[in-house]
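Asks: Pasting a structure here, questions to come.
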Amino acid sequence: MLQALKESKDFLQLTLAQPQHFDETFTFMLGSHTQVEVWDTGVIVFEPKVARGKDIVLSCAVHGNETAPIELCNGLIKSLLEERLIAEQRVLFLFGNPPAIINGTRFIDENLNRLFNGAHSVGEGLVNPERIRAKKLEFYVDKFFSSSKDNSHKIHYDLHTAIRGSKHEKFAIYPYRPGRKYSGEQIMFLEACGIDTVLFHHEPTTTFSYFSSLNYQADAFTIELGKVLPMGQNDMTRFIALNEMLSRLIGNKSLELPDFNAKTVNLYQVCRAINKGFDDFEFTFANDVENFTSFPKGYILAKEGGENIKVEHEVEAIVFPNAKVPVGQRTVLCLKPASTENIDG
């Protein structure tokens, strides 16, 4: 495996050749400047000889059919392996669900991004590949962050693409973080990446980004980069700014970020999540309605169990509507304009 990776510089290819697990870990040097550690299938770490104070996790393929982030991350890994990009920050790359990548599906048995923060072991326990993988991914993130310096700046960008179109093509979800202000610098970094819309979540979740935010106080985000497309059909020119900014971050180059300015970004507060209570749950709007479509107060968003579910605020926008989830899971997030008072500018 080591020789194959050294020759191809293609970590995704190596991962998909053995999607379940690697039988052995291996380590090698890039020149005299970076140690590369492969911990498992889809798990590779770059440890610079002299790190500059940031510990960066870049995860993708938590949903296997969300291909643009996979291509983006594999390109960054290849640049590092070819030494066109030299890491001056510690960085961990994760391909979340390799079997689902091969399958071209969101998941095999269960939505991996509902299984973090210990959810993998609740109820039935470790009964399917996604639950087992979620526990392993938590372990790898813990291993990475726990081996850093105490005062390091921990960052986790969990990269996705969305099922449906969106009025804001690229957007980020900032996990719930009570008692901690949101980072204006991080919001401006995202804006420089071409991600000009941020949602502030209102409650704990079982997502990968919330896991890192809660347990390691990382600046963590779930980042949506447009619409799901098959592998090889993504227009990667749409991610030039993101690729450039991530390369600068990894290489410890100047980010040249302006001060926080709310006028340059779209900020939303999640005001509620609507969970499915009955099998007959259905939305009243068309299946092709875009993310961030707004509805006025009193509008009937959905019906279930003989009851109407209505818009509660003057205006609410919606994201991630999905009526086909199992009973008990989230069908949609409702949003209102966000205040800037809890942002550290």
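Including glycine, each Cβ sits where the backbone N, Cα and C put it.
Remember, predicted model here, so these are calculated numbers, not experimental data.
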Asks: Considering the Zn(2+) binding residues HIS63, GLU66 given in Swiss-Prot, which of HIS160, HIS168, HIS201, HIS202 is annotated for that site as well?
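Replies: The candidate from HIS160, HIS168, HIS201, HIS202 that Swiss-Prot ties to Zn(2+) along with HIS63, GLU66 is HIS160.
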Asks: Quick one: pull the CA-CA distance for HIS160 (Zn(2+) binding site) versus GLU224 (active site), whole Å only.
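Replies: One finds 5 Å between the Cα atoms of these residues.
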Asks: Please report the number of other Cβ atoms within 10 Å of the Cβ of GLU66 (Zn(2+) binding site).
Replies: 26
Asks: For GLU224 (active site), just give me the three-state DSSP call.
Replies: strand
